[in-house]
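These come from TrEMBL:
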type    : residues               : note
DOMAIN  : 2-125                  : domain 'PLAT'
BINDING : G15, G17, D86, A87     : Ca(2+) 1 binding site
BINDING : D39                    : Ca(2+) 2 binding site
SITE    : W110                   : site 'Essential for stabilizing binding to COTL1'
DOMAIN  : 125-677                : domain 'Lipoxygenase'
BINDING : H374, H379, H554, I677 : Fe cation binding site
Amino acid sequence: MAKFRVRVSTGEACGAGTWDKVSVSIVGTQGESPPLPLDHLGKEFTQGTEEDFEVMLPEDVGTVLLLRVQKAPPPLPSPLGPLRPDAWFCRWFQLEPPRGAPLVFPCYQWLERAGTLVLREGAAKVSWADDHPILEHQRREELQAKQKMYWWKTYLPGWPHCLGEETVKDLDLNVKYSIVKKAKFSLKLGSGVAELKLKGLLDRTGLWRSLREMKRMLNFRRSPAGEYVFKHWQEDSFFASQFLNGLNPVLIRRCRSLPKNFPVTDAMVAPVLGPGTSLQAELERGSIFLVDHGILSGLKTNVINGRPQFSAAPMTLLYQHPGGGPLLPLAIQLSQTPGPDSPIFLPSDEKWDWLLAKTWVRNAEFSVHEALTHLLHAHLLPEVFTLATLCQLPHCHPLFKLLIPHTRYTLYINTLAREQLIAPGKVVDRSTGLGIGGFSELIQRNMEQLTYSVLCLPEDIRARGVEDIPDYYYRDDGLRIWEAVEQFVSEIIGIYYPSDASVRDDRELQAWVRDIFSNGFLGRESSGMPSSLDTQEALIRYLTMVIFTCSAKHAAVSSGQFDSCVWMPNLPPTMQLPPPTSKGQARPEGFIATLPPVNATCDIIITLWLLSQEPGDRRPLGTYPDEYFTEEAPKQSITTFQSHLAQISQDIRRRNQGLDLPYTYLDPPLIENSVSI
């Protein structure tokens, strides 16, 4: 007979406790104990509690390897029949054997029904480190079970593959929103819809009567950044600054030679460049920048309220004065084909001509941002990383422990998006100029171009030649966060992978990388995405990219959506008249007629308001309340990472005090660990 003390921690989330009965079997090198009830007087497993139990093993099982946890409803008589099992969120078990140190078994899972869960002692182990057949068998069984639960499907041709479930109701409880988060999300959505319906705006299909009437939307929800946008949206310097620090800060690149299909002349740009220089001289000096929305060229557009919508594929040339001063637009061409019907618009043009041209660029920004920068890069790819992590890495794997906090709620929010945002007849289809057909084609086009280096911020910055453009806070803050994540990842890899050979020999790691390559990048070798990893350095870069994409990148391109769109002319989701083919024709009434109808405006503003902020139950970057790592070394690395992020936050807040429009989207406490909204 051997007496063990068992301590059990139940989660603090709403509904985490259970009335069900729990027992454990202790699996060791010499056998397995029978189920041992965890029972004492009164209710066990109450929300937020840690409870101690004593169990007696009839026989010695040898060195403890596993803990088998069984949960079932209590055997109480009921006129309605057997009681239905209720869910339980278990944080961890601690097992104190008669001799030796206590063993911690991390769980951090919901047990939704009657059943069994097998837990391992918390020390992280890569696949080649397990040296006992029981442990090897348990790894295989766990992965087989997870691969049945989380399966891939093709949502649309040419898109990254995604989770196979159709609705959020079908999801496993472990990936669903918490009760609190779901309630706050639903209440927020309901309040926004009700308010704009009561005001008679959400169902109004006609045009806005004036820009003054549009200003009513600023009162929908107060946003200091949104009010700044309203005050400055017509200014050239603000228009240009949004390519650096707005919601889509990833397109601007240095231009060393003018594209042949963008025939800008010295005479056109002389008023901005000033005397004593030329366009060619400034190109050679490196002070000219280009934003090219050519990927939009030729896309099929949507029909809204029975009216066909329009799109453009503009090119925008910008100038950064070498002596300082703001970035400024030089010229805009609204198509990829120059000619008499595609004039080049200039700051010296008539006010409404120039403003309309800039507004067409902002509409292109909406389309590229929402379909590619946001949906594809910051939602669909993180879903790929999440699914591969769940399917290919067992809970005991150090990379599972490292990555699982950065997958929280991603499957839920993306499944909900496929139900309510990008499904036929839903928000994208009823209120954007491209509709789901245009979004789909745009994603297919970008998937053919997407490369690994685009996802790695330092390489992307170098490739676009924007290392030294001033006041580029997305770059500055993003690179510091990338560096902090990279240092953290490097320390974790140093603990568990002593050599390049240890990386190559980890079959579960290699399966994870192959899964991402095959299901995320569709096996396209030209993407540069690795299908295997051979060195510690390559693994560190890859993991840094995954964590950065799931956290900081998503925050940078998601958090500012409402700020940018609440004054709709700054970010119109659709355009109702075709792009101008000549100058001198634009008038205020024509400008209004080109902008989205009232109902589409409201539909998008509600949606982007909902998606710009977490509805409670937050976990900021570097916050790991679920302690998957039990060893001291990774815990110390986490503490160092958190200190690094805290210093970055202090520096950002100090800088922002001197800015008219603070850049807050990459302040670490405001970055969520995962894509969860």
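Cβ atoms are placed via backbone N, Cα and C, with glycine included.
Automated prediction, rather than curation, is the source of TrEMBL annotations.
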Count, for each of the binding-site residues A87, I677, the other C-beta atoms lying within 10 angstroms of its own C-beta, and report the residue with the smallest count.
A87
Euclidean distance between Cα atoms of A87 (Ca(2+) 1 binding site) and W110 (site 'Essential for stabilizing binding to COTL1'), Å:
6
Report the same-chain neighbours of H374 (Fe cation binding site): residues 6+ apart in sequence with Cβ closer than 8 Å to its Cβ, ordered by sequence.
L247, V557, S558, Q561
Which one is it: of the binding-site residues G15, G17, D39, H379, which Cβ has the fewest other Cβ atoms within 10 Å in this structure?
D39
For the recorded Ca(2+) 1 site, whose residues are G15, G17, D86, A87, find every other residue on that chain with a C-beta no more than 8 angstroms from the centre of their C-beta atoms, and list them by sequence position.
A16, T18, Q47, W88, F89
Compute the C-alpha separation of I677 (Fe cation binding site) from D86 (Ca(2+) 1 binding site), stating it in Å without decimals.
27
In whole Å, note down how far the CA of A87 (Ca(2+) 1 binding site) lies from the CA of D39 (Ca(2+) 2 binding site).
18
So if I draw a 10 Å sphere around the Cβ of W110 (site 'Essential for stabilizing binding to COTL1'), how many other Cβ atoms end up inside it?
21
Sparsest-packed of the listed binding-site residues (D86, H554) - C-beta count within 10 angstroms:
D86
Counts of helix, strand and coil residues, the domain 'PLAT' (2-125), according to DSSP:
0 helix, 62 strand, 62 coil
What is the set of residues, excluding H374, H379, H554, I677, whose C-beta falls within 8 angstroms of the centroid of the C-beta atoms at the Fe cation site?
L375, A378, P382, I413, V557, S558, L611, V675
Measuring Cα to Cα, how many Å separate G15 (Ca(2+) 1 binding site) from H379 (Fe cation binding site)?
28
Do me a favour and check the Cα-Cα span between H554 (Fe cation binding site) and D86 (Ca(2+) 1 binding site); whole Å is fine.
35
